[in-house]
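Visitor: One structure is given below, represented as structure tokens, and several questions about it will come after.
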Amino acid sequence: MEELIGDRRVEDERSLIKTPSDVQASAREHDSSTSTRQTRSVQRGSPCFVYTLAFFSALGGFLFGYDTGVVSGAMLLLKREMNLSSLWQELLVSITVGAAAVSSLAGGYLNGLYGRRICILLASFIFSAGGIILSVAPNKEVLLCGRLTVGLGIGIASMTVPVYIAEVSPSELRGQLVTINTLFITGGQFIASVVDGVFSYLPHDGWRYMLGLSVVPAALQFLGFLFLPESPRWLLQKGDTQNARLVLSRIRGGVNVDEEYESIRSSIEEEKIDAGEGPVLWRILTFAPARRALIVGCGLQMFQQLSGINTVMYYSATILQMSGVQDDQMAIWLASATAFTNFLFTLLGVWLVDRVGRRKLTLGSILGTAASLMVLAAGFLLTAQASPPVTFHPNDPSLHNSTCITYGFCESCMLNPDCGFCYGKNGTVVIESSCLPVDVANTGAAAAGRCSNGTQESLGVFWAYNYCPTSYSWIVLLGLILYLAFFAPGMGPMPWTVNSEIYPLWARSTGNACSAGVNWICNVLVSLTFLHVAQFLTYYGAFFLYSGLALLGFVFVVGCLPETKGLRLEEIEPLFGRQLCSCGAGGTPSVHYTRVNGGNYRSEEDLTDDE
Ligand SMILES: O[C@H]1[C@H](O)[C@@H](O)[C@H](O)[C@@H](O)[C@H]1O
């Protein structure tokens, strides 16, 4: 070991011999000292340029949100105009998420090799090409091609943008600026729902505008990034020291960047030794602190999706319909209201992240998410228990072969996606109710019988697809609002923010690629299985399940997520020097990684570290 320490410079050693508790103590110091933060900002100069960089990069987040959000409204029109079967509808929705999963993994390799800037340019180019293909598509095969193309863009953007923003931001603004990316994701989802609403009134080709409009932000981002710089950390890693210093000083508003530059440079020197030999993923898996960071990063992304955000968003229009909004045209605007609430509460997250820190924000958010899911589930449970019986059996011979007419209660009827509940009302009491097959081209009406024109309040006929009339809808609505209020500020953005900062530079691209891949894979899994889970466990069972998974996530965060607020990216690695699932705890670590100018040397206790 002595030989290894050898002739390296002593000053590097001083800054790098840190135990995890030292680093956490420095985080706490930072926490308590607002004046330090202010002094740091003054030293850093105006963050105006950094905000510009964050804005143009976060357009990638906007496109991620827009392209995943816009498809639901576009599909309503497409299925009629192109006569799409449900298999084609599912294909068009899930191919984008599937392609994002694959390209986020590939994005790790591209990021390491060509840099963040090239990857963002590539993503915006792909987004533009995808938007053009979608807007001119003559048939469903070309549409599929376009959806696949935008998915490739989303995957690359989703893993590159947070990394780029984290690497250009000063530490005291990093949390806020990376979280702005998630604000743009939810903003993109909201704008997509408004665009869906506006163009749904066009009799023809409305979907072309919905899908094609994404070209505008994509082209803006492409043009912007032609003039914006590469991440100074990536430049330094590639040995381009001159440009790295220039870019850093430009980003920091021309103030003296010697200290920051030196700290990044010496950390990169250190990492050359940490990094070892072989493929990066292998090196991450065999180097304990990087491996632990990867487990924490992937775990957070997994629990984000397993808490059911995309299911709740998707199901929100129905939840709101349950609460009494019967007008079908309204459904699309109701989805906008949910998307707006998600956006609004993400804004709260931007405000909180550098004030309360990542750990507290995530803990509060996931606990509240679990509790709100229980409220949602309880609402569905009460609704199921009070489910109205089927009392009216229509004589129409075309219905005799339908399984829908075999159901005795609304609950079992609505759990079959081919059926809906048609009923009348006497005050608040449901009367003359039947279970009828749904019109496949328009789920707002039955295929035959009294409800074949959908709900007609003037005639006293009501059509409920996917839900049952209930007086407990207020509990479900309360659950939905609480869910968004808790999820959006913490569990929505924190997995992206934390992942952008916990890996050492040599492992950052690959670490983010893997965790973004986990996010997309879990996203596909949850959305593809939701209807089956609901049929098997009923809706309340499904939401109780998500709530249980969120509680599991809470335990994971309590044990494993260290606080990274206020620390420089180079100061974060030692936080993962202790055994996994004691990262969150204070006190003296049982395992020491002593960084002596170049290596993380395992102390004796570490030999027992086998997480
Ligand atoms: O962080 C985002 C955000 O919360 C979105 O609303 C959600 O659709 C995405 O899946 C998630 O990754």
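A Cβ is built for glycine as well, from the same backbone N, Cα and C atoms used for every other residue.
The following feature annotations were taken from TrEMBL:
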COMPBIAS  1-16  compositional bias 'Basic and acidic residues'
DOMAIN    53-565  domain 'Major facilitator superfamily (MFS) profile'
REGION    1-40  region 'Disordered'
TRANSMEM  48-66  transmembrane segment
TRANSMEM  86-106  transmembrane segment
TRANSMEM  118-136  transmembrane segment
TRANSMEM  148-166  transmembrane segment
TRANSMEM  178-201  transmembrane segment
TRANSMEM  207-228  transmembrane segment
TRANSMEM  293-315  transmembrane segment
TRANSMEM  330-353  transmembrane segment
TRANSMEM  365-384  transmembrane segment
TRANSMEM  472-492  transmembrane segment
TRANSMEM  513-533  transmembrane segment
TRANSMEM  539-561  transmembrane segment
Visitor: Looking at 148-166, 330-353, 539-561, which one has the highest count of Cβ pairs under 8 angstroms to the transmembrane segment (293-315)?
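Guide: Counting Cβ pairs under 8 Å, the winner is 539-561.
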Visitor: Among 48-66, 178-201, 365-384, 539-561, which stretch has the most Cβ pairs under 8 Å to the transmembrane segment (330-353)?
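Guide: By Cβ pairs under 8 Å, 178-201 leads among 48-66, 178-201, 365-384, 539-561.
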Visitor: Going through 48-66, 118-136, 178-201, 472-492, 539-561 one by one, which has the most CB pairs that fall under 8 Å from the transmembrane segment (207-228)?
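Guide: The stretch I would name here is 118-136.
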Visitor: Which one of these stretches, 118-136, 148-166, 178-201, 365-384, 513-533, has the most C-beta pairs shorter than 8 Å to the transmembrane segment (48-66)?
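Guide: Answer is 178-201, with the largest number of Cβ pairs below 8 Å.
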Visitor: As a test: from 148-166, 178-201, 472-492, 513-533, 539-561, pick the stretch that has the greatest number of Cβ pairs under 8 Å with the transmembrane segment (365-384).
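Guide: Most Cβ pairs under 8 Å with the transmembrane segment (365-384) come from 472-492.
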Visitor: Mind checking which residues of the chain, 6+ beyond the ends of the transmembrane segment (178-201), have their Cβ under 8 Å from one of its Cβ atoms?
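Guide: Here the qualifying positions are 54-55, 57-70, 72-74, 76-77, 161-162, 165-166, 169, 207, 209-210, 213, 313, 332-333, 335-336, 339-340, 342-343, 346-347, 349-350, 353, 488, 492-494, 496-497, 500-501.
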Visitor: Same-chain Cβ contacts of the transmembrane segment (118-136) under 8 Å, 6 or more residues past its ends?
Guide: 57, 59-60, 63, 67, 107, 110-111, 142-143, 145-147, 149-150, 152-154, 156-157, 160-161, 164, 208-209, 211-215, 217-219, 221-222, 225-226
Visitor: On average, what pLDDT score does this prediction assign to the domain 'Major facilitator superfamily (MFS) profile' (53-565)?
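Guide: Across the domain 'Major facilitator superfamily (MFS) profile' (53-565), the average pLDDT comes out at 91.
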Visitor: Is the transmembrane segment (86-106) packed against any residues at least 6 beyond its ends, judged by a Cβ distance under 8 Å, and which are they?
Guide: 67-68, 71-72, 75, 78-79, 140, 143-144, 147-156, 158-159, 440, 513-514, 516-517, 519-521, 523-524, 527-528
